[in-house]
Amino acid sequence: MSASTAKPLLSLKGISKSFPGVKALQNVHLDLYPGEIHALMGENGAGKSTLLKVMFGAYSADEGAFELSGEPVSIRGPVDALHKGISMVHQELSLVPQLSAIQNIVLGWEKSVAGFIDWSAARREALAALARLDFQGNPHVPVSRLSVGQQQTVELARAIAANAKIIILDEPTASLSTKESEKLFSILRELRADGHALVYVSHRLAEVFDLADRATVLRDGQYVGTLLRGPDLNETSLVKMMVGRSLEDFAIQHEATLGAVALKVDGLARNGVFQNVSFEVRRGEIVGMAGMVGAGRTEVARCIAGADRIDAGSVSVNGKALSLSSPSDAVRAGIAFLTEDRKHQGLALRMSLAKNATLTRVPTRMGFINRTKQAADAKSALASVGARMPTTRLAGQLSGGNQQKVVLAKWLLSGCDIFIFDEPTRGIDVGAKAEIYALMRDLADKGAAILMISSDLPEVLRMSDRVLVMREGTLSGEVARAEATEERIIAFASGGNTWQS
Amino acid sequence: MAKLEAANASPGAAATEKWSVRRLFSEWRELGIIAALIMTVLVFTAIDPEFLSSYNLVNIVLQASVTAILAMAVTFVIITGGIDLSIGTALALSAVVSGLLMSQGYPLPVVVLGTLATGALAGLFNGTIITLSGITPFVVTLGSMSIFSGLALIVSGGQTVYGIPPEFSDLLAGKIGPIPTPIVIAFVVLVVSSVVMRMTKLGEYLIALGGAREVARLAGIKVGFYTAIAYVISSSLAAVGAMVTVGRLGAADPALGADLLLPAIAAAVMGGADLNGGEGSMLGAVIGALLIATLQAGLTFLNVQAFYQQVAIGVVIILALLSNRLQKA
Ligand SMILES: Nc1ncnc2c1ncn2[C@@H]1O[C@H](COP(=O)(O)OP(=O)(O)OP(=O)(O)O)[C@@H](O)[C@H]1O
Ligand SMILES: [Mg+2]
């Protein structure tokens, strides 16, 4: 990592980019050196994804210049970027849902023999890339049947298989668990050692300190500065550069006062996915659910929320068994389900924030929608999760983290009092995370029951009154708050330990 | 973050908020089709100033009224991400029922209710099958297109129904004040449809489930129920169109529907309905219907042969859709 002496592989000079009504980037510089992992940091909406998409040719910059190994170039589009050795893992999943993992990786394959693509070689390389990432899913079924985490792994495999010199990763770990993230990091380190240049976005600061050689910070679309690995690259300075002020520590002190059992799941099973899952969530309680990607956590949540059919067992709310034939049954019983895939399951991207936020409960007056109240409701719910943008904007125009806040706002307005949060802070910046944690605690204190699925172990430890751990479709452990440590949870999640409560 | 976005709402930071033609067009989607309509009228007028005579204009609007009603009908369905290929023959079936009720001397309320009920049942048939079977709307309505056509022939015995009492024709094809009744009916349908789409929960749900079906489902919206409602509305509006048609022709032809389907869908799509769902405009659909009627009238006025007319209209439809695409990009 001789970043200071080597010549930059890619250099971005004075990049500006506007969307209608928003200056997403203004005069941003970035140099990428071979053999470095370069973290790109900033709050939600700071312009990180926009900058990466400009690098990848998915957006064209309004102003600015590129240099590739010292030569001025222009990147005309993603295909051109791939040709020039730049590949990207997008923040939102960008796989073709109907195609298998292998087909997705092979899609757009460039190598050909006498004009014919060597499909078997392509497939071999695809499988090799998947194996390198320890991919656990079935590479032959349509990726829409894989979990979000597994799809994320496929995206990574695609970027790696393209064998690019420059690999752009936009929040690759947002839906990976600690263990899978570790795996990813070791691969990133290997790639770095091979002389690849990696740009990397994450809102998990610990990862950045662990991994990054340099960190560049953006704020409100402007370049703030670059920190080199070393004593300067620490939480205080980084947060200060990102947010523009220091954040107080948001350790949450509380004594949960537990009420009646709100949600009871008994012997729940879905054939081939998970079996015999039983647990309770009381009012006033936040129950964390940890486990590896593919352990079946999301699938359990989907069944409780009426999104998938249950094959055995029962779900009761306030002691009454529900008959769940569709999500509307669950919502009527007061169960809110915040999905992990916000783009396909959380937001109507072409509708305004106000309409999205009030979708579960459209305010009406005499049969007509009360637009004033709709906007006001949305605005206050958004404010409570740390988002302060005009509610007339379309959901598709927001940055990933801000979209997540809209999904949260939607469920806050639903009137439900049992919340299943699947990766609630996925992609959310440090400042807003603190607000959302406080909000969840507040919901619980007001009598809500919360089940929080999260792959972010520090988050699970910080927020949960009790931690359930899943492994391979069964509950493998339960840990009380007092005894919860990373080691214990990981042991249950990976099979080093068996059930005890 | 939010600060940036909030800052842009304040007047000071409005550098990129400034007015531009592009922006206006992208905010007000109907503008493109309105411009196309005005241009078409201007071109015909330039060729022959007689074209603009008030008789001709009223006539064009009158010609467009049934297409406009059907275009709005199919817009309800397209917004949900579906398609209704059966509206033409649903109109024929309702028209035959309507004609029979009229010719057998039933009073107006019975005729209206009977016709609307026929349309609603046709829509319920489509909606139920689509919701319960999961077969794509294209295929289901392709089948029901044939079913309704067959039913229309069966009910009418394969004969055009004549003997419509003149009071019905006077009522449905007469004038309210100076304005022909079909135009008034189409206008009322436009107002009601726009209000439903823009101001009611039903409209909001239809848009949501067209734009993001899974999102709507997980939000607890009964997507099957609302999908079915869209088809019921669509066919019921076809029944409204049926009454207007029967009134105007003074007869009910069971083979009516075939020529109505394509202009209706073309008008809806030109007016901004997105065949992928989630978007559509009632006003746009009506203007699309006016555009098609203007072309037909103008080309006839210029003595262009019918065969060439069809080609010209097809070309204009494709051009209009192309400009729609550019506008969205
Ligand atoms: N397609 C778009 N249309 C309009 N505005 C957009 C679009 N994409 C991004 N923006 C805006 O540009 C700004 C920067 O967004 P960007 O996605 O780059 O943020 P980010 O730093 O990646 O945030 P996050 O951490 O939430 O992913 C935001 O204000 C966002 O609303
Ligand atoms: Mg982003």
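Cβ atoms are placed via backbone N, Cα and C, with glycine included.
Same-chain neighbours of the transmembrane segment (B:28-47): 270-272, 279, 281, 283-284, 287-288, 290-291, 294-295, 298, 301-302, 316, 320, 323-324, 327, counting only residues six or more beyond its ends whose CB sits under 8 Å from a CB of the stretch. Summarising the annotation, TrEMBL assigns transmembrane segment to B:28-47 (among others).
If you look up TrEMBL, you'll see B:59-78 (among others) marked as transmembrane segment.
Summarising the annotation, TrEMBL assigns transmembrane segment to B:85-102 (among others).
According to TrEMBL, the transmembrane segment annotation covers B:108-126 (among others).
Annotation comment: TrEMBL describes B:138-159 (among others) as transmembrane segment.
Among the features that TrEMBL reports, transmembrane segment is placed at B:179-197 (among others).
Residues annotated as transmembrane segment in TrEMBL: B:223-244 (among others).
The transmembrane segment annotation in TrEMBL covers B:256-275 (among others). For the transmembrane segment (B:256-275), the residues of the chain that approach it from at least six positions outside its boundaries are 29-30, 33, 36, 66-68, 70-75, 78-79, 83, 85, 87-93, 95, 145, 148-149, 152, 210, 241, 245, 281-289, 291-292, 317, 320-321, 324, judged by C-beta separation under 8 angstroms.
The feature transmembrane segment is assigned by TrEMBL to B:282-301 (among others). Same-chain residues lying 6 or more positions outside the transmembrane segment (B:282-301) and placing a CB less than 8 Å from one of its CB atoms are 29-30, 33-34, 36-37, 40-41, 43-44, 48, 50-51, 56, 59-61, 63-64, 67-68, 71-72, 74-75, 186, 190, 193-194, 197, 263-264, 266-273, 308-309, 312-313, 316-317, 320.
Positions annotated as transmembrane segment by TrEMBL: B:307-326 (among others).
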Tell me whether the transmembrane segment (B:179-197) sits in contact with the transmembrane segment (B:59-78), defined here as at least 3 Cβ pairs under 8 Å among residues 6 or more apart in sequence. yes
Using a Cβ cut-off under 8 Å, which residues of the same chain at least 6 positions beyond either end of the transmembrane segment (B:138-159) come close to it? 83-86, 88-90, 92-93, 95-97, 99-100, 122, 125-126, 129-130, 252, 254-258, 261
For the transmembrane segment (B:108-126), which stretch among B:59-78, B:85-102, B:223-244 has the most Cβ pairs under 8 A? B:223-244
Positions whose Cβ lies under 8 angstroms from the transmembrane segment (B:85-102), at least six residues beyond its ends: 66, 70, 73-74, 110-111, 114-116, 118-119, 122-123, 126, 138, 141-142, 144-149, 151-152, 155-156, 161, 164-165, 168, 234-235, 237-239, 241-243, 245-246, 251-261, 264
Tertiary contacts of the transmembrane segment (B:59-78) (same chain, 6+ residues out, Cβ under 8 Å): 84, 87-88, 91, 137, 180, 182-183, 185-186, 189-190, 193, 197, 206, 210, 230-231, 233-238, 240-241, 244-245, 248, 260-261, 263-265, 267-269, 271, 273-275, 277, 280-282, 285-286, 288-290, 292-294, 296-297
